[in-house]
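J.: Have a look at this one before I ask anything.
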């Protein structure tokens, strides 16, 4: 074979490989969007007629735990490796703070849907980046720089412009989702610390979700009892139902939400493990734009020119944060470690035994 033919074959092979990688990335992003956008509109839809967001969240937590346990058993059967199980000491000392913050973040986020629109929720929830940066500085995961200060100013300024003179602004819902964003900053900072502790063995999010859900359920239970307990126990939709078909439809809807919640966590990790955290960040920015456009067209959410300008300023701040992370190479070693250690487990869940041969080789 001549040199030109060899170069041509390599070029063809490289182009096919790039095409395959592009299609895989697009497929994983669409997979992530289905769950992320789906659960946002699902929560808003269900809570229009079912005013028990904390009960809904607890059902979802229970389903995530069950599905995580089943996933762990599937991986164990196919790989032959025993899954990690923490001791009570490590469980209560190191997992409990993350579980409490995560439970309150999700609970308050779902609660806010009773009061605010999807567009206001999406925009306010974007402020979670601010709190993640703040707590990253507190826990010394990030170094304070001029770029980070500019990111904070852009996101906070954009949030102010978005909520200023908003025709559909609700202070109670705004405070709830802002508190959820703050807790989200604590949650993801503690989650990063938790998953990077090699001695705990919780690098795989399936194992992390499995260990988090029980404590999350227990953390949310007292809040549920105090706010919704009596109303749920006397509700005609649940325990004092009159129509069995309406009850079964409601339970089916709650279970569907649990599947969406589990799929969201799974799709996020799958996207990161097969591509990069940068891809997830960029996809998240475009996802928020998709949610706002859908909310204005499908749900009739009203947004002024100033609101859209505020959204653009906020997104530019998030995009700058992504760019800074890329330039400085933060998290590159962590991503490499995730891919080498964890991709086999997730592929086993998707494709069965085929990848065992690759792993052994």
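Numbering starts at 1 and runs along the chain as it is shown here.
Cβ atoms are placed via backbone N, Cα and C, with glycine included.
Got these off TrEMBL a minute ago, pasting:
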TRANSMEM  21-42  transmembrane segment
DOMAIN    28-320  domain 'Sugar phosphate transporter'
TRANSMEM  54-75  transmembrane segment
TRANSMEM  120-139  transmembrane segment
TRANSMEM  146-162  transmembrane segment
TRANSMEM  174-194  transmembrane segment
TRANSMEM  215-232  transmembrane segment
TRANSMEM  244-266  transmembrane segment
TRANSMEM  278-299  transmembrane segment
TRANSMEM  305-324  transmembrane segment
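Walk me through where these features lie, including what they touch and how far apart they are.
T.: Long-range Cβ contacts of the transmembrane segment (54-75) within its own chain (Cβ-Cβ under 8 Å, at least 6 residues beyond either end) map to 43, 46-47, 81, 83, 103, 106-107, 110-111, 206-207, 209-210, 213-214, 216-217, 220-221, 223-224, 227-228, 232, 254-255, 257-259, 261-262, 265, 345, 348-349.
Counting same-chain residues at least six beyond the ends of the transmembrane segment (120-139), those with a Cβ under 8 angstroms from any Cβ of the stretch are 40, 44, 109, 112-113, 148, 151-152, 155-156, 159, 162-163, 166, 168-170, 173-174, 177-178, 180-182, 184-186, 188-189, 193, 288, 291-292, 295, 301, 307, 310-311, 314-315, 317-318, 321.
Sequence-remote contacts of a segment are chain residues at least 6 beyond its ends whose Cβ falls under 8 Å from one of its Cβ atoms, and for the transmembrane segment (215-232) they are 52, 54-55, 57-58, 61-62, 65, 91, 95-96, 99-100, 102-104, 106-107, 238-239.
Here the transmembrane segment (244-266) has long-range neighbours at 32, 34-36, 38-39, 42-43, 46, 50, 56, 59-60, 62-64, 67-68, 205-206, 209, 237-238, meaning same-chain residues at least 6 beyond its ends whose C-beta is under 8 angstroms from one of its own.
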